[in-house]
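Quick look at what TrEMBL annotates:
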| type | residues | note |
| --- | --- | --- |
| DOMAIN | 134-244 | domain 'Fe2OG dioxygenase' |
Amino acid sequence: MDYEEALDIPEFHGDDLWENGFLKQCLFPVNEPSDLSCFTYRVEFENVKIEVLSIDPILLVYHQFASHHEIKNFLADAHGREFSSLKVYRGEGDESVSRHREANGTNFFHEESAGIGTVYRKVARSIPAVDFEKSEQWQVLSYLPGGHYVPHHDYYDYESEDYWDETMRNFGNRFATLLLVLKTADQGGETVYPLLQRTITPEAGDVIFWTDLDRLGQGNYNSLHGACPILEGEKIAATLWIRERGQPMMINDEKSRLFDIERLTMPQIRST
């Protein structure tokens, strides 16, 4: 791998699956200039601070979303359960294990414990445009040195409905993803969006939110994203994948591809 050799980066399991240009964006972030805006609104006496990085797909960073105390309690609850290697399978009848992700983790119900439930309820009330009851369980992942997730899409792209599981049939595809950063690595571990030319280096407590589908229910190819390899330290993040069925943002009388982003950035004004 050219960039790996040039920077003397240790080899990691699955490094051959990274395109050189994508890995380069981890090592040499080049963020496209943006004329998009930052927004702040209040929910129950707390400021919600949003940075808009893209509108197609929507890509937002909620800065300082979770407090130090909330992060500490979430992590304490999460560490009460053993983290094991979570396999990624190729799907559509292929049960072989993919090498695209190297991480350990576990799953939790939305409000399984006090610390985790507190954060879930804060997410639900702070982002009212999204129905988080239609989201999958929390998935909490720990990435250690060499850990990574090759750029991928969160939405499912089945060749046939014959492969749909019960969740897909009942709740539809993954409409959006919410990623809560609980701990940052000493080096590495950024979240990269190669097709958007965006590399995010978040702080603990930040939330990254993006849409996986467009408003017509089709997968948004530009939502391609990955977890950059960890060079030093540990990264821990918690993910909610939100399903499309019954989502207010999917209502689309005008048959537009694009979401009304103001429902997220100005929820008090665009509540209907």
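Cβ coordinates come from backbone N, Cα and C, glycine included.
Unlike curated entries, TrEMBL annotations are predicted automatically.
Taken through DSSP, the domain 'Fe2OG dioxygenase' (134-244) splits into 16 helix, 52 strand, 43 coil. Confidence in the domain 'Fe2OG dioxygenase' (134-244), given as mean pLDDT, stands at 97.
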